[in-house]
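Q: Positions annotated as ATP binding site by TrEMBL: Gly76, Glu77, Ser78, Gly79, Ala80, Gly81, Lys82, Thr83. Annotation comment: TrEMBL describes 1-667 as domain 'Myosin motor'. Residues annotated as domain 'TH1' in TrEMBL: 821-995. For 544-566, the entry in TrEMBL reads region 'Actin-binding'.
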Amino acid sequence: MKFRGGGLGANGIRLTMESALTARDRVGVQDFVLLENFTSEAAFIENLRKRFYAIADNSYRSLRTERKDQCILISGESGAGKTEATKKILQYYAVTCPASQQVETVKDRLLQSNPVLEAFGNAKTLRNDNSSRFGKYMDVQFDYRGAPVGGHILNYLLEKSRVVHQNHGERNFHIFYQLLEGGEEDLLRRLGLEKNPQQYHYLVKGHCARVSSINDKNEWKIMRRALSVIGFNDSEVEDLLSIVASVLHLGNVQFAADEQGNAQVTTENQIKYLARLLAVDGSVLRDALIHKKIIAKGEELVSPLNLEQAAYARDALAKAVYGRTFSWLVNKVNKSLAYKEEKFPGWRSTTVLGLLDIYGFEVFQHNSFEQFCINYCNEKLQQLFIELTLKSEQEEYESEGIAWEPVQYFNNKIICDLVEEKFKGIISILDEECLRPGDATDTTFLEKLEETVKNHPHFLTHKLADQKTRKSLGREEFRLSHYAGDVTYSVAGFLDKNNDLLFRNLKETMCNSENPIINQCFDRTELTDKKRPETAATQFKNSLSKLMEILMSKEPSYIRCMKPNDAKQADRFDEVLIRHQVKYLGLMENLRVRRAGFAYRRKYEVFLQRYKSLCPETWPTWDGRPYDGVAVLVKHLGYKPEEYKMGRTKIFIRFPKTLFATEDALEVRKQSLATKMQATWRGFYRRKKFLTMKHSAITIQSWWRGTLGRRKAAKRKWAVETIRRFIKGFIYRNHPRCPENEYFLDYIRFSFLMNLKRNLPKNVLDKSWPTPPPSLCETSQLLRRLCMQNMVWTYCKRISPEWKQQLEQKVIASEIFKGKKDNYPQSVPRLFINTRLGREEINTKVLQALENEALKYAVPVVKYDRRGYKARARQLLLTQSSAIVVEDSKIKQRIDYSNLTGISVSSLSDNLFVLHVHCEDNKQKGDVVLQSDHVIETLTKTAILANKINNININQGSIKFTAGQGKEGIIDFISGSELLIAKAKNGHLTVVAPRLNSR
């Protein structure tokens, strides 16, 4: 499976593979889309957009015609382009749906909600420069005309821990950097901020404050405009940005221990800023950061915090403030999108189309509680996909009595149960550890997991693993075998993140804030509510359960975004990665079900009610059983047996074209019924006028027929004379030019030249040429020569120096290896590149040792020792004068091209070659035996640089080489089923290589 195309993705640098899986009862959209070969990036992207728009249009039409709520589920790995796909769909609806002034306002707010939520909820990760760190489900409401009139957004599990900690190479949420980079000087002065992000503790942990691919200043302008469109006034924007700035100041609050070991605030300036920005009392806030208040039996107990506890309280406050502000922001956006039509005040007065853009499956080097929740969410979505497609469809065929050969697939319910099962699932065990009295730690949680789910096939820890697997598992880690692959989670911080506790005195301080947003985020009822709040994992599980109910209540369509590579690069497909995604997503199984199944199914009553007007026997009413009525109807419509099946309660139609034909017939029938009444009364009026016109028409027709007859006779006479001249010319075709054959000869020449014009060769390799008539043979040769010269000149004018060098190297490779080495044909379509190793991959000491020698080519190789033939990883560097074998920072051997006597390589498909050197040179230890994955490219470049094109020996059987002073080694080459390199009992190096049928 090969892919080509341009880039499209969340950062404009990735390409997204899109798989469209329709709702079970919908037709017209392909079940699984494989990318074709496109001639240009623009053509590919245009085709991809059309597929997105086709899915959006199909869902929209179903919503309009069937008045059923729809949803589009956009899923894929992190960085695959889900957010971009959501934007494209929203843009499509904004452009194509009916518009009015009110509708235009709603459209603008729907579109502008994206940059606001991305600024506050997205961040740069190792996999994606614009990764959604929260889940989003958006309902778009449409009125009876199909115009968008409102919307509602549900958000899921914001990654609050990112506020206080980022992994190396990652950033905090975009809004912090946008504020510092794009904020006006006056605004930053009011907020007490500096433009340099290095000044803020929460922004430097990832060591990635600035990214070349992200323009924070421009994104700031877009976000500010979006806030205005959504309906934020200046006061609300100021309050919101004050909270953002307060988080940065919180990160800079530092503590020191007093004589008793209790924490004391050392950065009073930050407390002053926080008091002003959060509109709280500074002294109360300072005390709340270094003390903990507990209410026991109605009494308040205040205890001081140590340094570690104070840092935890500070970070907990920062996460709580940011997390609750984000929820407030989503609610604010929802208020601006709310449907306000007074005539239809209820939610159900409109139809709804949902868009699910939720975080993709994540696997990092360090995976914690957030990745566990994110991957659990993806497991639930995969289970929903299985339930709605693979499982339910096959079960329906069986229940309806349709002959069906089951398609096997992996059902990930076992993994979902492992996570969410009551009392035995990981979330239940985590909650139990968080709630139980005693000294519960992350380690005791892991031990409880090992005790409870130790026999589960998809769960593994260091204690439960075998000796080999333990090497890859830490003692504080557990591994889950997800549907998308194994993920190792560190339990460090699981209990704290699940509890998500904020000390009571900090809550009291925030509840007394005069900042309107903070005051709404921290409800005073929390202080009097004695019920323990649900843990983060349980809240997430419950919200996911509600999400599944929402999705199950709608007709789903699917967009599967596939990540083409892990390097965030355009024009690059990792076929292994793509195949892996296709496999674990179950797309091939779904394709098999779709191809073998039926595109459309409806209950007999519904089908008969819709199409009964197409059959005289069922129209206008059918008094018998619906089953019998449908049977009469499909017989009248001419359905073939292979086009449909009759189930117990439903009719199943296999091909979309069958249904399309039926729909077309229904549209025609509707028109005929509507026009039948019109035709009756119009008939009498038109008949009288028709008779008058008929008499006039007959008169005109008689005159016109006479005119046509005369013209036809003249045309026939001309045709006879032409044919006669043509026949006479054919008879005299071999005579010298004369009046009898001049017409024929001119025609033949004209036909040849016109044929030549239409069939000129397309390129210099096209040797086709029309056969000329005898009288034009010489002219044809001259024209052919001129045409070839012109094409050669045109080609040479267009060729670039780099391509010329590539062709020259390919020609030399062909002269050396064509027909002589088995794996040469595989190298032909692959371009030779300038080097296989960048300068950053070569040790700096080696580069210094080379001094002024220009490095022409570098490639990783495997060197086999002259004694024992032990394989060792090396680097082969080619300069203008020598070939150098390098081990890490050491130059193991330098071979001047003048001392290179020849190069030997076998005729099989192995990658071994031997560099032969003069034995008299004391600096040389002997010949060098190397192996390169790019042997054709390496040897071609070596031969060119060393001027040894004619000194490459392609041997069959064995190669002898000098292993040292007076010693000789032998490499035996044998054909086999697979590649094997080992030392034989006779002391030779034996290479078994498969024989390819390429020569």
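Using the three backbone atoms N, Cα and C, a Cβ is placed for every residue, glycine included.
Keep in mind that what you see is a predicted model, and the values were worked out from it rather than measured.
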Q: Highest Cβ count within 10 Å among the binding-site residues Glu77, Ser78, Gly81, Thr83: which residue is it?
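A: For the binding-site residues Glu77, Ser78, Gly81, Thr83, the Cβ with the most other Cβ atoms within 10 Å is Gly81.
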Q: CB neighbours of Gly79 (ATP binding site) within 10 A?
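A: A count of 27.
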Q: Within 10 angstroms of the C-beta of Ala80 (ATP binding site), what count of other C-beta atoms is obtained when all protein chains are considered?
A: 28
Q: Within the region 'Actin-binding' (544-566), count helix residues (DSSP H, G, I), strand residues (E, B) and coil residues, in that order.
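A: DSSP composition of the region 'Actin-binding' (544-566): 9 helix, 8 strand, 6 coil.
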Q: Would you please pick out, from the binding-site residues Gly76, Lys82, the one with the fewest other Cβ atoms within 10 Å of its Cβ?
A: Gly76
Q: Tell me, roughly as an integer, the mean pLDDT over the region 'Actin-binding' (544-566).
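A: The answer is 83, the mean pLDDT of the model over that range.
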